Amino acid sequence: MSQFEDMTFTCSSVFTSGYAPGYAKLNKRGGAGGWSPLDTDHYQWLQVDLGSRKQVSSVATQGRYSSSDWITRYRLLYSDTGRNWKLYHQDGNIWAFAGNSNTESVVRHDLQHPVVARYLRIVPLDWSSEGRIGLRLEIYGCPYWADVINFDGQGVISYRFKVKKMKILKDVIALKFKTSESEGVILHGEGQQGDYITLELRRAKLLLQINLGSNQYGSILGHTSVTSGSLLDDHHWHSVVIERYRRNVNFTLDQHTQHFRTNGEFDHLDLDYELTFGGMPYSGKPISGGRKNFKGCMEGINYNGDNITDLARRKKLDTSSFRNLSFICVESHTFPVFFNATSFLQLPGRVEHNMVSVGFQFRTWNTNGLLLFSALADGMLELVLVDGKVNVHINVTQKKNTRIDISSGSGLNDGEWHDVRFLAKENFAMLTIDGDEASSVRTNTPVQIVTGGTYHFGGYFQRTSVSPTLRSFQGCMQLIHVDDQLADLHAVERGRLGAFENVSLDMCAIIDRCMPNHCEHGGRCTQTWDSFSCTCDGTGYTGATCHTSIYEQSCEAYKHLGRASDSYWIDPDGSGPLGPFKVICNITEDKVWTTVMNNLPAQTSVTGSSRERRTVLQLNYSASMEQVSAITSSSEHCEQHVAYACRTSRLLNTPEGTPYTWWVGKGNEKHFYWGGSGPGIQKCACGIERNCTDSKYYCNCDADQKQWREDSGLLVYKDHLPVNQIAVGDTNRPGSEAKLTVGPLRCHGDRNYWNAASFNTPSSYLHFSTFQGETSADISFYFKTSAPYGVFLENLGNTDFIRLELKSPTVVSFSFDVGNGPVELNVHSPTPLNDDQWHRVSAERNVKEAVLQLDQQYQEVRPAPPQGHTRLQLYSQLYVGAAGGQRGFLGCIRSLKMNGVTLDLEERAQVTPGVKPGCSGHCTSYGMYCRNGGKCLEKYNGYSCDCSSTAYNGPFCTKDIGGFFEAGTLVKYSFIPETAAAPNKDAKDISQTSPLETNLTQEDLSFSFSTSSSPSILVYISSKSQDFMAVVLRHNGTLQLRYSLGGLREPFTVDVDQRNLANGQPHSINISRDGRTLWLDHYPSVSYSLPEESDTEFNNIKSLFLGKVFETGQVDPVLIEKYNTPGFVGCLSRVQFNSIYPLKAALRSHIAAPVSHQGKLVESNCGASPLTIPPMSAATDPWHLDGGPDFPFNEERVIPDGVNRNSAIIGGIIAVVIFTILCTLVFLIRYMFRHKGTYHTNEAKGAESAASADAAIIGTDPNFTETIEESKKEWFI
């Protein structure tokens, strides 16, 4: 790279002869020491002619020697011809270079993308405030030469293969082109088998179509189409490189590369005879489809090592279709004009003429803008772009106001050139868009037009009596015609015709900000002239560029948001390339299971298969293989159940034979083991456990028996999962059949979510490879600390950097520099962050904005500057936990994701001093999710809720435990040991005594219920004295609380609710007593006081009954007579008395407690009632029954008898009817004999001495046999 010696300078103007452009050479002091223009304004320029096309890589500037004149900011333009200038672009913008700050220092800029041009033009934007524009200049670069071919739109170059048919495995095609046409085929090749490759321009975009063929449906499924670039009809050079190896393709346009893989199954491109450049071959084949040939220039055409342009020059290729083959590029004759929001171009026309005829081409991204305005002799004419349509408004005010409004076109703000022609004369007007005469809009409104003689294009800012509806236009125009004459814009440029303000002549500075598309993950890009925006609807992502996933990374993450089991969308790699997908999350007490379903029906029958022609069952999952692999890779454990039911069908042909059946897992590898076995062990589960039907074989099915057998088990080697295919090979013999079942993939644990490291010293840190996030970067992690400050992470470049840190106990900072100066975002927390609880930080930077978010609620957003650098270029290692010379972080960091990739902190911490893998203390952050008194238990990876001391169950202790009571069903909980209890199959082993005090001064009772029948006893608590507590439903369905603590002649009663609660709806009851005060929390809360005469101590509590009372000793006779028969029929749920949970103990066999029950007790949540304080969301509501795989709660589990709930209800109804009839008979008998007996005994009597049916049950059922004191009474009905 060197400076060019033979440069020629020209300029827009010269201050005096001593300031001529010839003195503008770098470091020269001749003349006045550099160039200065006559006027110091934005219309000045210094131009360099390099003599021929050169590759320019650097530009250096100086101020004028020994003066106060220099430029501080400038733009660079380049051209091959000194016409049709192109502005230098960088980072997606028209680039403004920083200039000088004094006269002598040299400021040199290396171009990010070298340009090839003969002419360069420096346009000053800002200059010294102490002087004027002054400049000395040097250009650096290399010589450039390439063969050029001019294509006239007719001729094509035919590159004939050495053989008629070519099977091509690898292709490399490179060329440059420039054109002012938006359509045209650049190259094409095809084969008779349906293979083809085509590169063409469509709507000024480059379209590559390639088809290598496919097995299915001919070659249709092999078609692959990729689009790149836009605005390629600008008559500037564009570079294309196509690299293909097998099905992998790199498609590069102007340094932007797309990587893709072709459709179909084949690797070779089969072409016949030839490859043509510049158009379609003249073969008459239907593939041509009437496409246009390319019209423009190409250079440097290379195909697989052959220089096509050189071969054409040496006449080694067929160019017979050209009328006149030229190796000189024919330049465009258009003269574009670029308008910004403050521009206008004024052109003269005929004065006082009765006809208006104007035409032009325009291109823009804006939906609205002023295209043309002209003040008529008596009125006005305007052409405006409104919502992408061209509207014409004519107002004539001669004798009476006459207005003409016509409109045509749609979507004309698409950046393409559009042609407008407008003609108006007496009583006639016509508007034509894009030369479509058939769609021209005409009107015959009577009007007399007299022209004013002046036309304003692209803007009108004068304050006159008539003015346009819009004032400005942002875009380009060319081929402007006034009065059917092409406007001489060269004369306008020289000041000899018309006038203009703030326009750029002989260039179109349009930029496609949506190409390349910065909207990620399928976001839709829309743009105006100055900016672009992304629409992320339906993508699963959010943010200015659709970069950040709106979903959590795993089921584990949803659990730690307090969510219950359900179907959820997850996104394991966050902002990475994998899209979100739906899984089933089963959140249990100890594990969080992720389930991915497949489409193979259970017991899929297979017949007619053999080793030679195996039947292959293809499994499709509810997620792609890449998505499923993301789950298995991060999970702690995965499993998949497989079952092979067989009849005369062998499975693995064990112990030594070639397997008849195998399955294919992740990585498309075949596996020859079955469920219950492992990799490398060609056995089934029975072979591992040595219990196969025939001990000579290692699979039941390998015994080849005519009876149905089955081999089943779990596949647990997660690196092989999931099962994608099963190939069955032994079902073709008579009577042979197999039935396959493959269950869903189930995984638990998320190693990424819990991947953590503890930083124990301020100087400790972890280092990783350099973070790659040039135009889009996101970082997210959790931290907890008790320190007031610390650097979370840092990565440095030469001047660029990125850093996240805790700046103070309440401030998290995100700072970076991409070349425009340091930027810092700070988020303030209302509470201290050094509280040793987990906090979530997420930061994102893209070309649109930077965002810092804390705990998903506090955030700061900083828009990116409209001009400037956008690429973050880092070179050092990434440091986590500290930074060079900075305050180190003390605490824990976990789940650190950078652009969707989780950094393995634990692995690196194992070999790093001062850092330990893992982190403890999760309950401080997540213990709040353990509800209803559940206790949070620490785990290495997370936490769990201990619900053993609550009336609830489930992962968050929010799942009601309830039961359905038939008539006669009761639950009894004993507070004191039963010394003479006889064995009973329905009673649980009483292995512990109750820890409760037997004398109480306060009680807390809570439960919910639903029933449609009354009267009944809901809860009864007895004592060895006459004290008791009872909650009953009276005959009218109202609820009553009865308390007897002694001191009163009658029990203290409270009518809790005057409504009929026996309405089948769930009701929640909470009762508390402290001394003499009672609180009842039942819509709304009410307090009562026991009478002064009442005692306040509940003495010698003995038993708690649910549903019905069977008790010896002192029992309230009113309860027995009025409410105890036939017993409670309905549902009770979440019963809790002080610290005991009798119903839960009765329904959970593993809980050792002094509890027993009589009758069938069916687990059900039908008595559950949603808590009203505090309100709960549907996601965490334990009564939300349609939430997912864990709901509805199992209402069909019978304890101990196995009947389902419906049967239990029907049976209960029948039992109630029968029991009612029996009770009616008993009451009739009792009424007739009027007998009520009491006796004193030390031993319970049998049925023969019982006075009633219930007494007979008690006497014969050892569950309820008790030794009683002599003085006690026993009541029967």
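The backbone N, Cα and C atoms fix where each Cβ goes, and this holds for glycine too.
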Going by the disulfide annotation in TrEMBL, which one of C747, C892, C947, C957 is bonded to C919?
C892
May I ask which residues of the same chain, at least 6 positions away in sequence, place their Cβ under 8 angstroms from the Cβ of C919 (disulfide bond)?
A756, A757, S758, K784, C892, R894
Same chain only, please: residues at least 6 beyond the ends of the domain 'EGF-like' (920-958) with a C-beta under 8 Å from a C-beta of the stretch. Say none if there are none.
556, 559-560, 562, 564-565, 587-590, 592, 636, 749, 751, 753-754, 784, 836-838, 892, 1006, 1134-1136, 1139, 1141, 1143-1144, 1151, 1176, 1180-1182, 1190
Run the contact check on the domain 'EGF-like' (510-547) against the domain 'F5/8 type C' (1-142): 3 or more C-beta pairs under 8 Å, excluding pairs closer than 6 in sequence.
yes
Between the domain 'F5/8 type C' (1-142) and the domain 'Laminin G' (755-919), do 3 or more CB pairs sit under 8 angstroms, pairs being 6 or more residues apart?
yes
When DSSP states are grouped into helix, strand and coil, how many residues of the domain 'EGF-like' (920-958) land in each?
7 helix, 12 strand, 20 coil
Taking helix as H, G and I and strand as E and B in DSSP, count the residues of the domain 'EGF-like' (510-547) in helix, strand and coil.
0 helix, 10 strand, 28 coil
